[in-house]
Structures are given as structure tokens and as C-alpha cells.
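Taken from TrEMBL, the feature domain 'STAS' applies to 526-719. The transmembrane segment feature in TrEMBL is assigned to 100-127, 133-154, 175-197, 203-223, 235-252, 258-275, 287-308, 336-356, 413-433, 470-502.
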């Protein structure tokens, strides 16, 4: 076996290929290729065709809008039903306590968490394309909702009402519920519109480092908001900038009022939950289903609270009234749309991003696809329809989704069963949980943040892999912690956009060289074996050429190649001026010398005539020799390009597009380098880039498609052939 493996590796290492073909430039390549004829239709026909409705098209749209019609008739009962039942029950027993707990985060009474765990979950079964994610309440979205509700309905507004013996808490809660359900309606409409307009790609702007930094900051917000419930102290809830610091200060300012009974119950629940989760992780392969510690803690906490009468005896805050049955549908408050619209956009995008990222993970693992646009539509329907039944914004829960998938869930039948379990609690046994201490719910929330706090490990990871992604993570975290989740998210997205601009404005510039006896070209500064082709500079930038980086591209080109046409032309002009000045000085010196010689000759002749002597010819020859003090090769020295470079190749393989500024930059490069005798060629242009250059009228007058080459090697061979022909012509001359 090992011998066969070594033989295979040897074959891979020694495989070679040999190809004989012409040297292709763009013009020659286009002559040998024939474009396919694409029938063009008038705009009116295209519109009519898109609006035409056939039975096949209608059926396709119906299946796309209601995916349940596609998979439910083919549902394999024997293979899937048992797993879906176990998964639905397991997820349902998590859905119940988390719904109650996350309602506190949303600043609404616990029963509204149950509503949010029923209606949206049930609706997603019909419209969603993921088979495994669990829709419902989630800590991050609930915290964002709670921040808006507290901002719009602050505690201070009810101090006067309390002095007038009015039930201020009930009024405050009702107003906050109106804010929460209006947010659900707005975020749902936004998601629905984005889905219908096929804007599912918006999630790509929330990169993984941004989302992880943001959710870690949200975990900090959630944790600090639950401290008062864990300690049993009364403090107002803060929102906006520095709300985390204000909350911590408020809790520790009232630390002396800690309710010991609430603290003991809460810490006990935390310990039990951590032990249960650790057992589930360590014995995951041996346990048929995870131990539902959350519902166990809720049942134990409710029983202890009811048996010991913790509320009256020790002053422990409890859940309180849970109305029996479902509420009649009601229209959300439209009067506050303007105040919460921006927050609804943030909630809609964050909620969709979390849901679709989790859905794609499960789809990749189990071999099916999810439609991002349909996920937007599904979430939009869940939120907007649910708002009429008093549910607040929802998204995918990571912890429940993992349970739903790991316990054998195959389809959203599991989600439907979990929602039915919540429905049974609402209509039948909800009142049994009224004695449940709020500190138990706080413990559940805090323990569920464990996974988010583990994301701090991203910092050393990104430090090793990408400093830019680390910066995005840190900015998203710090901005969201100190500015609040809404402005923090906007700041993080803006910073992520800036990093994109920075990357395109600061690409890596390389000079390429040839691996000897191959057509492969690599960075000369990276590999020792790579050698530059004599007289040829190959320049590559791993970015597109457009208005934001054209000047940087030009500067880097001159710096990397060592050939600056402006500097060479300036040196030539300077040399020419100096040469002209020296020639003028030589002429003046010659004239003076001639005049002096003439005067001396006349005197000498007179003297020699008197003495019968003649002048020596050597005096005249010496004077002429002194006048010729300019070297004949000096001008030629200044006229040579630096390093005797005769060709410059611009490798456009990484370039995706060129705009008008980039095209003008290319024209100026070609013109400037031609003035100093350096030919400029472009290699590796993709079809869209060639189309861009054609549309921008780049090819005109002296610039033809002969400058474009299929590959770097084609351009190099052309440059070498031209250099040889020029040398031979010079020798013949």
C-alpha cells in the first residue's frame, strides 16, 4: 500500500505537459474565436415574457413561496417521524423556559415570550427552507427589543403615576409591549420586502468577525441586565450609550439590598445548569437525548418557590400572572413607527443574518440548499403576522437549533411539535409557572451566554490570521458595548465598509519573475528560484483599477519597476540644457581663443617678419583641442532608461473591473513609458475587463488590442522577440 502511494506521489511530481500554439494577443485570439449569437429581444417583449403566467411557472412560484408543499407530500413517515417527535419534545422543553426568560430581556411580561415561541415557530414550518433551525426568541434580538422599549418607555415616566396610586407597572408594561410588537411588525415588513425584491445578499455585509463581535457585546449587555434579577435588587433599566456601565453602577450601588434567598436560588440553578450542560457535552454520544436541565430547573424552582412561599416570606420576585389562553389579534400601534423604524431595520438584518448563517451550516452538513430570499420572506411573515398576536421579533436560536438537529430532527415537523408544546402551556398549564422566581430565569439566560462569551477566543485567532478582521471584531464589540447595540451595529458596519475601501486602496504590489524553463510567473521577492526576464518588468496588483486607487497604482508601478518616466524625461531635459550650455560656452571659448590667437599671430608675424621666422601649426591645433571639452557619450548616457528596461507588462489577472479614471491612468502609463522607449503591454485581461476598456473607448489611435495578451508568458515572448529584432536592426545599421 505504501509503495503504491509513493509511486502515485512520484507520478504526480513528474507529470509534465507540452503545448504548441501561437503567441496570442487579444486581436489574434478574437480572430480565431467566434462569439455565440445571442438573440436580443425588445424591452416590451422581455416584460411581457416575465409577466406571462403559465401553469408550470405558477406551480414553481407556489412551491417556492410555500416549501412545505414540496417536502410534506414526500415525507417518509417511518424514517423521519420518530426522530422528529423526539427532537420536537426536546426542543419544546427548551423553548418554554427560554421564552419566559427572554421576555425579561425584551422588557415585557413573560407570557409574551410564550406567544413569541408559538406563532412564529408554527408559521416557519410552512414558509422556511431550512429543515433544522429552531425559530423563536433569542437573547440578542430580545435585548435589542428591550433596549428600544426602555428608551421609548423609560421608568422615570411613571414616578408621578405611582404617586397617584395608579398601577404604573401594568401601564408601563402595556406600553412596552406595544413598542415590541410594533418592532416585530416593522422588522417583518422590512424582511418581507427585502425577500420579495431578492435582496438576500444583504447578509454578506455582516461579516463573521462583525457578527461575532456584535453578539459578544450583546452577551455583555444581557449579562449585566440580568444581574439585578440574580441579586434580587430593584434598579431602573438603562438603554443607549454607556448603558452597560450605568447598569453595573446601579447594581453595585444597591448591592447592600441583595436578596439572599434570590441569590442562593439563582446560584444553585446556575450550578445545576452548568453541570447538566457539561454532562450533555461529555456524554453526547451515549445519551439518547440531551438532559433537559432548563425545564428541570424551572420545575424545581417553581416547586420550591410555591412550597416555601418565597415571594411573601423572603420577598423573592416571581413571574406573576400568566393569562390563560390566547389573546385576540390586535393591530400594533402605528403612531410610534417613525421613532422605531431605524431600530427595526437593525433588528431585521441582524435577525436574518443569524438565521441564514445557521441554516447554511446545517444545509451544508446534511446536503441540501437553503434559499436566502425565501428565508427573508419566511422570517418576514413570522414577525409581521406574529405581531398581530402580541409576539415580539424573533430569529433562529443557536442552542435550540443544535438540540433540534442533534436529537434526530429531520424536518420542521420537529419545530411544529415544539410550538404545540408551548401552546399547551399557554392554554392549559401556564398558571402553574406563576410562582417561578425571576432569578431562575436570570440563571437560565446567563448560562446560555456561555457559548457567546467563548467568542473572546476569536481575538488570538484573528491576531494570528488577519489583523483587519481582528479590528472589525474589536470595533464591533467596543462600539456595541459602549454606544448601545443599535449605534454599535451601525458603527461596525461602517467600519467594515471602510476596511473594504482600505483593502482596495492598499493592495499588494509585486514584480513577477519566471520560474526557469516554465510559463509560470511568481513574486521575485518571495522565491529564490524566480528570476526576472532581462529588460522586462512584470508588474501585478491584486486589486481592480478605479478612481480610489489609480494614483496609488501609478506610484507603486514607478517605485516597484524602478523606472520613472517623469524623472527620466526631466533628467534628459536637464542633460540637454547642460549640453547646450556647455556647447555655447565652448563656442564662446573658441571665439575668444581665435581672437586671442589672431591678435597674437599679428604681433608674432610682425616680430617674425622682422626676424624672418614663420608661425608653428601646432599652436592652432592646440587651441582647437582645448576648445573640444565635451564628451561625445555624455548625452547618450542621460538618454538611456534606467536599468535598460525595454518592456513593461501589466498583469491584469487579479483585476475585476476598470472605471474611466483607471482607463485614463492606463493611457497615461502607456504614453509616458513610450516617450522613454519602453513598450507597455497588458496580460491576463478577463472578458468583463476588456468590455470595460472597450466601452470607455480605451482602444483608439495608437492604443490597439495588440497590447493585450492572453497570458503573461505570451506577452513575455512577444517582448523578447521584439527586443531581438530591434537589436539585429541596430547591428545591421
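Note that Cβ sites are derived from N, Cα and C of the backbone, with glycine treated the same way.
Automatic, uncurated: that is what TrEMBL annotation is.
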* Asked: Does the transmembrane segment (235-252) reach the transmembrane segment (470-502) with at least 3 CB pairs under 8 A, where each pair is 6 or more residues apart?
  -> yes
* **the transmembrane segment (175-197) and the transmembrane segment (336-356) contact flag, 3+ Cβ pairs under 8 angstroms** => yes
* Answer yes if the transmembrane segment (413-433) and the transmembrane segment (203-223) have at least three CB pairs under 8 Å among residue pairs 6 or more apart in sequence, and no otherwise. => no
* Asked: Looking at the stretches 100-127, 133-154, 203-223, 287-308, which one shares the most CB pairs under 8 Å with the transmembrane segment (470-502)?
  -> 203-223
* Structure fact -> Note: vs the transmembrane segment (100-127), the recorded stretch with the largest number of Cβ pairs under 8 Å from 133-154, 203-223, 287-308 is 133-154
* On the 0 to 100 scale, where does the mean pLDDT of the domain 'STAS' (526-719) fall? -> 76
